[in-house]
Each structure stands twice: as structure tokens, then as C-alpha cells.
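First the structure, in the form of C-alpha cells, and then the observations on it.
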Amino acid sequence: MGKLYVFDHPLIQHKITYIRDKNTGTKDFRELVDEVASLMAFEITRDLPLKDIEIETPVSKATTKVIAGKKLGLIPILRAGLGMVDGILKLIPAAKVGHVGLYRDPKTLQPVEYYVKLPTDVEERDFIVLDPMLATGGSAAEAINSLKKRGAKQIKLMCIVAAPEGVKVVQEEHPDVDIYVAALDEKLNDHGYVVPGLGDAGDRLFGTK
């Protein structure tokens, strides 16, 4: 079973308070999501392998460490996942960015893939799937399916807010995928919204309704 990591860092929790607040406007909401994604990236990349290299400082030669050539891919789920990309790229500018687009079938209510564009070397790359909200878990699970069908083997899921129901779905369908969240909320309501949640992340990021 994949592990669930919930980040309790004070800076993250402080910023999530204002992400949740309905009075936070589009500009501030967008900046806060960017900042939280960047802070979460510190933890989600903690297991990146390192290697020793020789350098010369202004004082002497030294043996120090760099990331050992790991290929990373960020996969935002359209459209809300886009709001998390830049915050991570600030720390990992060499990461490649793909996209997965899904819509919900009005009859079956199941997510349907309509767009997938991935970086090269899929089988050799570590992927981080990005979505601010993990509600029912259907979209995240299907996005992970899309990656696996194309050869991806190392996948993590990163969300800002998650419902227990969504976590359970992803863990059951993808027991090999670890989930990283900034907040684990109480539940889903009868309409499938996370409670207390933060509303519709896509609408709040892009100023739409």
C-alpha cells in the first residue's frame, strides 16, 4: 500500500488558511498555491539520490554532493494542476512538464481522458502528478492510469487538500503510488466537495465560475 504523507509545517499550514478563505482573491490565491507547492516540493524530493563530485572553492578543493542525474517529470491535471507547476519549477528548473486532461462523463460520472502529452523517456523518469484537490480520487487515479499505460513506473501524487475518500480510492487502485498532501480534510459532502475544502480550485486560480 502506498504511503500517505501529510505535511504539518507551520508555513504550509499558515498559507493554507488563506487558501481556504473565501475572501481571498484570485491573485492572492494563485500566489499562495504557488508558494505551498514550492514548500511541499522540499519534502517530496527528499529521497532524490545524490552523488559526490569534486569542485574547487575559492579556498580549496572539496568533495560535495549533487543530484545524481534523476529525470523528473511534473504532470498537472488540467486545469487546476497548472497552478502548482511554477512553484516546483523554481526549485527544480530542469524538470520536464507534461499534461493530462480529463473530463467527467455525464452518464457514467467516470473521468475520461481527452488529452495526454508526456515528456520523453517515460520509463526512465520519476513523475509527480499535481492536483490541488483530491476529492473522489477518480481523476487522480485515471491520470495515474494514463501514465502507467504509457510506461511510467515511478509515480507520486501531490495535492494541497485531500478527502479521506479520495485517498482510499487512489491507494486501492494504485498501491504503489505514494500520496503527499498539505492537509487531510474531514470528508466529502453529498455533492462530492471536500469539507471544509477550499472550493473549486480551478475557478479560484483562473477567476472563472
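Count begins at 1; order follows the chain as displayed.
The backbone N, Cα and C atoms fix where each Cβ goes, glycine too.
Swiss-Prot annotations:
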type	residues	note
BINDING	Arg79, Arg104, Asp131, Pro132, Met133, Leu134, Ala135, Thr136, Gly137, Gly138, Ser139, Asp200	5-phospho-alpha-D-ribose 1-diphosphate binding site
BINDING	Val194, Gly199, Asp200, Ala201	uracil binding site
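Ranking the binding-site residues Gly137, Gly199 by C-beta neighbours within 10 Å puts Gly137 at the top. The residues near the uracil site, meaning same-chain residues not in Val194, Gly199, Asp200, Ala201 whose C-beta sits within 8 angstroms of the mean position of the site's C-beta atoms, are Pro132, Met133, Val161, Tyr193, Gly197, Leu198, Gly202, Asp203, Arg204, in sequence order.
If you take the C-beta of Ala135 (5-phospho-alpha-D-ribose 1-diphosphate binding site) and look for same-chain residues 6 or more apart in sequence within under 8 angstroms, you find Ala163, Glu165, Gly166, Leu188, Gly192, Tyr193, Val194.
The number of other Cβ atoms within 10 Å of the Cβ belonging to Ala201 (uracil binding site), over all protein chains shown, comes to 25. The separation of Gly137 (5-phospho-alpha-D-ribose 1-diphosphate binding site) from Asp200 (uracil binding site), Cα to Cα, is 15 Å. Counting only the Cα atoms, the space from Asp131 (5-phospho-alpha-D-ribose 1-diphosphate binding site) to Ala201 (uracil binding site) is about 9 angstrom.
Within the same chain, residues at least six positions away from Met133 (5-phospho-alpha-D-ribose 1-diphosphate binding site) with a Cβ under 8 Å of its Cβ are Ala80, Cys159, Ile160, Val161, Ala162, Val194, Gly197, Leu198, Ala201. Within the same chain, the residues at least 6 positions away from Ser139 (5-phospho-alpha-D-ribose 1-diphosphate binding site) whose Cβ sits under 8 Å from its Cβ are Ile77, Leu102, Arg104, Pro111, Asp131, listed in sequence order. Put simply, the two farthest-apart Cα atoms among Arg79, Arg104, Asp131, Pro132, Met133, Leu134, Ala135, Thr136, Gly137, Gly138, Ser139, Asp200, the recorded binders of 5-phospho-alpha-D-ribose 1-diphosphate, are 17 Å from each other.
For the pair formed by Gly137 (5-phospho-alpha-D-ribose 1-diphosphate binding site) and Gly199 (uracil binding site), distance between Cα atoms is given as 16 Å, rounded to the nearest Å. A gap of 15 Å separates the Cα atoms of Arg79 (5-phospho-alpha-D-ribose 1-diphosphate binding site) and Gly199 (uracil binding site). Ranking the binding-site residues Asp131, Asp200 by other CB atoms within 10 A of the CB puts Asp200 at the bottom. The DSSP secondary structure for Met133 (5-phospho-alpha-D-ribose 1-diphosphate binding site) is strand.
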